[in-house]
């Protein structure tokens, strides 16, 4: 059965001032899959990820050509509201970034911005989001304690719950486990595998093991170019490009 495309990147190039950081990228992200972006530092993988919900717009020197099509529209169209876009395409960062509020208020933050005041609804969203983020059992008795008192791995899962509360379609993750200990990282990986049943996920990772464990497709990037994009098994066991093989085998990176 053919997979449903959720988002398509077409001829995307990005410049920081005159420096080209992405060079004519073409790729498609598919529904209910995890796509891993791999490559050495500075290859453009985080820049590509941030392009998908227009986080690069916040950098004054950036210019972008090409298109990213989502729900039949180019997200770079002037008609697209970036606030609405980022509700549908949420992002989890490398360092957990909970707000200095209670766990409960972190999760409902986006709903409160939308004017939701129904306590029963907020309670339900908090429980469902924390369960989906694989952390409910750890925090259900301390919901009104500060999220800053949690471990790094717990904070990262609360940040995931905060995104889930506004019901996104796509979740972007920029090295979400690199600042975590191995046990915490494994819990976040478990969470991602559960979440892909309901969401589409794109992750930047420096860990070949992580990419091979959790992703359905892998894109290898080098010097702003998309070198190879295929199902993860093919990328790791039978890469078509020599650069991909060299990177995966540790010859550079």
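Here the Cβ of each residue, glycine as well, is placed from N, Cα and C on the backbone.
Worth saying up front: this structure is predicted, and the values here are computed from it rather than measured.
Here Swiss-Prot flags 39, 40, 41, 42, 43, 44, 45, 46 as ATP binding site, drawing on sequence analysis. Annotated domain 'ABC transporter' per Swiss-Prot: 7-248, in sequence order, evidence recorded as sequence analysis.
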Counting only residues 6+ away in sequence within the same chain, which have a CB under 8 Å from the CB of residue 46 (ATP binding site)? 174, 175, 204
Averaged pLDDT score, the domain 'ABC transporter' (7-248): 96
Where does residue 40 (ATP binding site) sit in the DSSP three-state scheme? coil
Quick check on the binding-site residues 42, 44: which one has the highest count of other Cβ atoms within 10 Å of its Cβ? 44
